[in-house]
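Enquirer: Here it is: the structure, laid out below.
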Amino acid sequence: MGVNAVHWFRKGLRLHDNPALKECIQGADTIRCVYILDPWFAGSSNVGINRWRFLLQCLEDLDANLRKLNSRLFVIRGQPADVFPRLFKEWNITKLSIEYDSEPFGKERDAAIKKLATEAGVEVIVRISHTLYDLDKIIELNGGQPPLTYKRFQTLISKMEPLEIPVETITSEVIEKCTTPLSDDHDEKYGVPSLEELGFDTDGLSSAVWPGGETEALTRLERHLERKAWVANFERPRMNANSLLASPTGLSPYLRFGCLSCRLFYFKLTDLYKKVKRNSSPPLSLYGQLLWREFFYTAATNNPRFDKMEGNPICVQIPWDKNPEALAKWAEGRTGFPWIDAIMTQLRQEGWIHHLARHAVACFLTRGDLWISWEEGMKVFEELLLDADWSINAGSWMWLSCSSFFQQFFHCYCPVGFGRRTDPNGDYIRRYLPVLRGFPAKYIYDPWNAPEGIQKVAKCLIGINYPKPMVNHAEASRLNIERMKQIYQQLSRYRGLGLLASVPSNPNGNGGFMGYSTENIPGCSSSGSCSQGSGILHYTHGDSQQTHLLKQGRSSMGTGLSGGKRPSQEEDTQSIGPKVQRQSTN
């Protein structure tokens with residue numbers, strides 16, 4: 001009997017730097033590449049149409065690239081635990097390869113499949129390629145616990161062995177005599193389905209701003225590196241209006257779905273830096289997004305409650321308000337704050353928003369204005385963000401809501417001033433909220449302050465054509481900062497830790513925030529400085545402030561455990577949430 005191999009694609013939707021697939025092909029007589037899709041999840045899971053479209057485009061591109069190698073992608077409907085025993089028998093499989101999945105549900109799923117494979121006499125190959133590092137080794141280096149500060153994480157990885165270089169791309173030379181058995185009805189039995197076949201209504205669906213697939217990912221990588229090359233000092237680009245728009249060099253969804261290897265990106269960045277800087281060693285900051293990605297993956301890998309507040313040992317238990325009406329206004333871009341609403345509109349239409357825009361809407365929903373749980377925001381991002389995955393989405397929301405990782409809760413974004421500073425003319429607002437297009441720049445971020453005559457000329461009456469602000473930012477932010485302060489004081493007493501040492505002695509000052517023109521902004525003083533809760537966040541990652549979170553479990557604020565929801569199948573198979581990196585790939 002020959003060696004019949006199957007490679008199971010989940011994330012890692014690519015032929016470059018795919019060590020599990022490469023090893024699976026070696027010595028095999030036949031190879032079949034499969035992707036298991038449960039159509040039931042398309043209608044029931046919390047995943048929007050833009051994300052499903054991106055996934056299907058990734059699968060179509062993968063199939064097209066396999067065709068060039070006289071192979072095909074086999075898209076199989078069903079559940080892995082039901083599908084594989086049948087395939088093992090039907091195809092006489094002797095070898096199965098998979099990319100290692102670090103997320104708790106993925107590890108549980110893969111353990112079950114490995115057991116089925118062993119019982120069927122099938123060899124299983126598992127290789128790490130969705131992350132740069134072996135996360136278990138990072139945790140081992142840290143005494144068996146994940147590092148909960150970025151500084152500590154950087155210290156740990158600096159002690160690890162150099163990264164392995166990407167493996168060669170799967171080509172006809174790599175495949176050699178390994179063939180793929182194909183039938184005439186392959187498309188009918190194993191073809192990539194359409195959105196319509198999955199039950200989606202595509203009427204009015206605009207063309208994709210982010211086309212899915214490995215081919216697009218590699219094209220974007222070259223553009224991204226060309227852009228980097230002229231930024232000889234590799235500093236962070238300055239934020240401006242154009243930064244808010246989707247870029248043809250953006251990479252985050254492609255890293256998320258594994259269309260682009262993080263290792264390839266890492267080594268391309270390294271090579272470029274050495275070329276520009278004449279062989280000097282690159283700083284860790286060069287790899288901003290990649291390392292933040294690893295940081296959150298490491299924090300989440302052994303914590304199945306990472307996406308929950310209750311029962312999550314690293315999450316502060318905060319008594320958030322339940323307010324479905326306010327949540328819907330935020331999610332649908334109806335808050336009455338044009339900056340917030342434009343961001344949420346872009347997210348719903350295109351599936352992507354700039355990482356600082358993510359910070360702004362996350363702060364507004366949680367500790368800044370609405371006092372709604374980060375879990376609710378995380379679910380909306382899970383539905384709409386192309387680059388949202390389980391670990392990074394949950395980790396980012398905990399971080400931005402001051403529920404974990406740092407506690408500078410007295411720093412907030414002003415939902416008027418931050419946008420005005422970024423895009424003074426308001427072009428971004430006009431693009432995504434055309435109802436406000438007629439307002440002059442002076443009033444486009446706070447149209448409720450425009451005289452009635454200007455509103456009439458703009459053909460937009462506030463409260464009729466566009467909503468009034470749903471909250472008074474000044475009052476809400478002051479109240480919420482006080483709430484946070486009380487929670488952390490209680491937690492400090494409960495754990496016997498001095499967590500509030502960094503709270504400014506003058507909480508009504510602007511605390512060194514960037515200044516905005518703040519006249520007549522709800523929540524900002526007329527003196528020209530942002531009031532409490534109205535500035536830019538300052539990020540700190542002091543180790544001493546984090547130690548209690550490792551052991552906390554349930555604080556005195558907790559209310560017990562709640563049942564976990566199984567991730568959707570689409571979420572299982574691909575898994576960057578709100579961007580928190582110092583250097584963006586967008």
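Don't overthink the numbers, they just go from 1 along the chain as shown.
Each Cβ is built from the backbone N, Cα and C atoms, and glycine gets one as well.
Annotation source Swiss-Prot lists motif 'LIR 1' at 50-54. Positions annotated as phosphoserine by Swiss-Prot, on the basis of similarity to another entry: S71, S247, S280, S568. Annotated motif 'LIR 2' per Swiss-Prot: 82-87, in sequence order, evidence recorded as similarity to another entry. As annotated by Swiss-Prot, motif 'LIR 3' applies to 151-156. The motif 'LIR 4' annotation in Swiss-Prot covers 255-260, and the record cites similarity to another entry as its basis. The motif 'LIR 5' feature in Swiss-Prot is assigned to 271-276. As annotated by Swiss-Prot, motif 'LIR 7' applies to 335-339, with the evidence given as similarity to another entry. Look at Swiss-Prot and you will find 371-470 tagged as region 'Required for inhibition of CLOCK-BMAL1-mediated transcription', backed by similarity to another entry. Annotated motif 'LIR 8' per Swiss-Prot: 379-384, in sequence order, evidence recorded as similarity to another entry. The motif 'LIR 9' annotation in Swiss-Prot covers 395-400. Residues or ranges marked as motif 'LIR 10' by Swiss-Prot on the basis of similarity to another entry: 411-416. Residues or ranges marked as motif 'LIR 11' by Swiss-Prot: 430-435. Annotation comment: Swiss-Prot describes 486-491 as motif 'LIR 12', evidence class similarity to another entry. The annotation motif 'LIR 13' is assigned in Swiss-Prot to 492-497. According to Swiss-Prot, the feature compositional bias 'Polar residues' maps to 545-559.
Map the listed features onto the structure and describe their local environment.
Expert: Counting only same-chain residues 6+ beyond the ends of the motif 'LIR 1' (50-54), those with a CB under 8 A from a CB of the stretch are 42, 195, 198, 200, 205, 208, 210, 212, 253, 257, 350-351, 383-386, 388, 570.
S71 (phosphoserine) is surrounded by 24 other CB atoms, counting those within 10 A of its CB over all protein chains shown. In the three-state DSSP reading, S71 (phosphoserine) counts as coil.
Using DSSP to sort the residues of the motif 'LIR 2' (82-87) gives these counts of helix, strand and coil: 6 helix, 0 strand, 0 coil.
Mapped onto DSSP helix, strand and coil, the motif 'LIR 3' (151-156) counts 6 helix, 0 strand, 0 coil.
Of all Cβ atoms in the shown protein chains, 18 besides its own fall within 10 Å of the Cβ of S247 (phosphoserine).
Helix, strand and coil residue tallies for the motif 'LIR 4' (255-260), in that order: 2 helix, 0 strand, 4 coil [DSSP].
A mean pLDDT of 86 is what the model gives for the motif 'LIR 5' (271-276).
Under the DSSP three-state reduction, S280 (phosphoserine) is assigned to coil, being neither helix nor strand.
Same-chain neighbours of the motif 'LIR 7' (335-339): 329, 360, 364, 415-416, 418-420, 426, 429, 433, 436, 444-448, 462, 466-471, 473, counting only residues six or more beyond its ends whose CB sits under 8 Å from a CB of the stretch.
Note: the region 'Required for inhibition of CLOCK-BMAL1-mediated transcription' (371-470) comprises 46 helix, 3 strand, 51 coil (DSSP; helix = H, G, I, strand = E, B).
If you look at the motif 'LIR 8' (379-384), the same-chain residues 6 or more away from its ends with a CB under 8 A from one of its CBs are 46-48, 50-51, 330-331, 347-348, 351, 358, 393, 397, 571, 577-578.
Across the motif 'LIR 12' (486-491), DSSP helix (H, G, I), strand (E, B) and coil residues number 6 helix, 0 strand, 0 coil.
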Enquirer: From the Cα of S247 (phosphoserine) across to the Cα of S71 (phosphoserine), what is the distance in angstrom?
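Expert: Just about 33 Å between their Cα atoms.
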Enquirer: When you measure from the Cβ of S280 (phosphoserine), which residues in the chain that are at least 6 apart have a Cβ under 8 Å away?
Expert: Y273, K274
